[in-house]
Amino acid sequence: MAKSKIAYFCQSCGFESPKWLGKCPSCQQWNTFVEEVIEKGGSQAPAWKPASTSQQRANKPVEISAITYSEEHRLPTPDKEFNRVLGGGIVPGSLVLIGGEPGIGKSTLMLQLALNMPGQKVLYVSGEESERQIKMRAERLPAPHPEGGVKNSGLRNPEDLQARPSAGGCYILVETSTQNIFKQIEALEPDLLVIDSIQTLHSAHIESTPGSVSQVRECTAELLRFAKETSTPVFLIGHITKDGMIAGPKILEHMVDTVLQFEGDRHHVYRILRTIKNRFGSASELGIYEMMGEGLREVSNPSEILLSHRDTPLSGVTISATLEGMRPMLIETQALVSASPYGTPQRTATGFDTKRMSMLLAVLEKRCGFRLGVKDVFLNITGGIRVEDPAIDLGLAAAIISSHEDIPIPFKTCFAGELGLSGEIRAVNRVEQRIAEAQKLGFNQIFISKYNLPASGQDKKRMDLSRYNIDIKIVSTIEEVFSLLFG
Ligand SMILES: [Zn+2]
């Protein structure tokens, strides 16, 4: 028996090192290295590749004009939100990661898709649940989409299969070994493969436990080869923990073509499916679902989510269009301004820098004449999110004044602007993405800075605000914002 070979992997980014390191040279994190056994055996079954073609096919250089290019043929799904985040349907041979916290509904989303792909043979591989559990869950799912055609003809077990049927269907395979999965794939020849989840898979080529960095990397690499060589789309479900990411998904993001993130609060009914990376389309798409007792329902009119929270506008509450990394996000902020009964006014901010809050208050006092120095001020960003984006300034300032004056901000109004010391509203980055998000979520008006508009006529075409179906209020000073809001 060969001596087992070990390596150390950064659990944060997947960096591999022959020895333990205190600090990761790739992602600069401390104490992230964990030992993993990666002994490679020579006698195991091959990873993806039928034996006959196991020889590496060498590519030859091709003169560029000789390369024929055709528009990608995409496979539309009956789920419009899903098509949207993929950029118009499933691309053959693509490897798509669906990430999200455990229990958020990733399996439900994918099982629903597997059951509703008209005329397609879908193999759903689960290492998480038994066949019986999946069958029970499938029976609770809603009837097929009205335009989606037929629901796949129930669940079948690949072992029952004698001849290869040409018709579609959803097949369930409870298996965690990639070699066994590929054996079944060769027999079944599915049109679409779903893996639930990548963290449960293990390859015989790697000794370490399922879910470890080296296993996740190896299994993904095998599935990637399978997807590319057979042009079969593969969906991988990957779990992400609440406090950031576990090792797997971070490395996975680099390897796959498309990363979708399924987000939401387990205690709330709405779920958001976001595109984080997409080689075949825009990376800022988002789809919205409602989690019903019997599955996920597409939400075609997203404003219903925001309207359902409150039926009367409240003072001190505003919505800001922020960006988290590359992702646009609409965040509710609340302010409470009240007379200070004691000598020293209290200033508390949750999810926002207190120093920056003092600056906002000083600008409002100096430029707009609100006497905030003698008031208690509390700021809260809902959802427990910490916001670094300065574009939230304008929304917060509006919330403070709304609470101070006890006048609610009009419904479906949101803000994106940074506040300067002289009371000017500064430009924010990616303003069009914020406008698009506000429009997508059903807002009526958005306040943005005048300085976000191109100065001369030459750039006018690049930024055409008339294509938005939302009232864009262009402001340059904080005084202007308040006269527009409160008259
Ligand atoms: Zn690292």
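Cβ atoms are placed via backbone N, Cα and C, with glycine included.
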Looking at 102-106, 227-231, 277-281, which one does TrEMBL call motif 'RadA KNRFG motif'?
277-281
What is the pLDDT of the region 'Lon-protease-like' (376-487) when averaged and given as a whole number?
86
Give me the count of other Cβ atoms within 10 A of the Cβ belonging to P102 (ATP binding site).
14
Using a 10 Å radius on the Cβ of K106 (ATP binding site), the other Cβ atoms enclosed count 26
Of all the binding-site residues here, G100, G103, G105, which one's CB has the most other CB atoms within 10 A?
G100
Does DSSP give G100 (ATP binding site) helix, strand or coil?
strand
Could you give the number of helix, strand and coil residues in the region 'Lon-protease-like' (376-487) as assigned by DSSP?
47 helix, 26 strand, 39 coil
Helix, strand or coil: which one is G105 (ATP binding site) in, per DSSP?
coil
